[in-house]
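Feature annotations, courtesy of Swiss-Prot:
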- 61, 77, 118, 185, 213, 215, 269, 271: desferrioxamine B binding site (BINDING)
- 30-292: domain 'Fe/B12 periplasmic-binding' (DOMAIN)
- 1-12: signal peptide (SIGNAL)
């Protein structure tokens with residue numbers, strides 16, 4: 001009996017997160033994630049989720065890693081269903097600081113850990129690595145966590161080398177998501193795109209101030225100042241959006257349009273973690289090294 005008690009107590013684990021330190025006496029099994037980047041990170045460790053926020057949105061925008069089919073949709077990322085969460089009885093709930101207002105009510109349901117990949121630090125890739133290690137410790141998946149981190153570093157470096165050997169590394173990149181025909185978001189400092197291409201040895205042509213998510217909202221006319229860049233458009237664009245864009249006289253006049261230096265990327269969660277960075281890197285590499 002004594003040896004069993006000692007064994008039980010020896011597992012007690014303190015996890016430090018952005019709103020304190022939480023103790024666990026056993027490895028959490030029923031896990032709920034209310035932020036897509038945390039959903040992605042948990043799944044990357046080979047752990048299935050008991051619940052996740054806005055599952056249809058995750059499947060559309062994040063896509064990989066695939067969410068287990070029996071995961072329960074617990075409501076939106078901004079307003080999770082507290083009653084449903086109470087019924088699930090999770091062992092741990094994972095949120096980002098952007099949901100900090102819900103910390104107290106959620107803490108009445110289960111221990112809550114707060115991790116933010118995107119913040120004023122503007123180092124999402126390093127933050128994602130730190131969080132991956134912390135969750136690896138929590139779920140007794142430390143070896144898997146290190147494998148995910150090493151795989152990310154290796155993939156980004158290898159893709160960068162592939163682009164360099166293809167002679168495509170000198171031309172700077174510009175990452176844009178179109179909001180409408182007059183407005184777009186351009187991703188640079190503090191974005192997943194910026195940290196990913198930094199690790200690949202590539203350059204970003206956009207150097208304007210960004211918000212904590214790593215993008216600048218601006219007018220499409222600003223593209224005229226970046227005509228020598230390879231333009232990466234975050235998709236997917238609808239046929240109507242694509243037609244509206246390509247038929248615009250302004251767009252047609254741009255040097256990057258005339259030199260076929262515009263590339264549409266598939267749905268990639270631009271506010272994701274390490275696996276999202278791998279996917280983004282793969283698609284950038286595929287676009288830049290494909291035969292013209």
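First residue shown is number 1, and so on along the chain.
Cβ atoms are placed via backbone N, Cα and C, with glycine included.
Taking the features listed in Swiss-Prot, we show where each one sits on the structure.
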{"residue": "61", "record": "desferrioxamine B binding site", "contacts (Cβ under 8 Å, 6+ apart)": "36, 267, 269"}
{"residue": "77", "record": "desferrioxamine B binding site", "contacts (Cβ under 8 Å, 6+ apart)": "34, 35, 36, 53, 54, 57, 99"}
{"residue": "118", "record": "desferrioxamine B binding site", "contacts (Cβ under 8 Å, 6+ apart)": "37, 96, 124, 127, 190, 212, 213, 214, 271"}
{"residue": "185", "record": "desferrioxamine B binding site", "contacts (Cβ under 8 Å, 6+ apart)": "176, 177, 179, 215, 216, 217, 218"}
DSSP three-state assignment (helix, strand or coil) for residue 61 (desferrioxamine B binding site): helix
Site of maximum Cβ density within 10 Å, from binding-site residues 213, 215: 215
Of 269, 271 (the binding-site residues), the residue whose Cβ has the fewest other Cβ atoms within 10 Å: 271
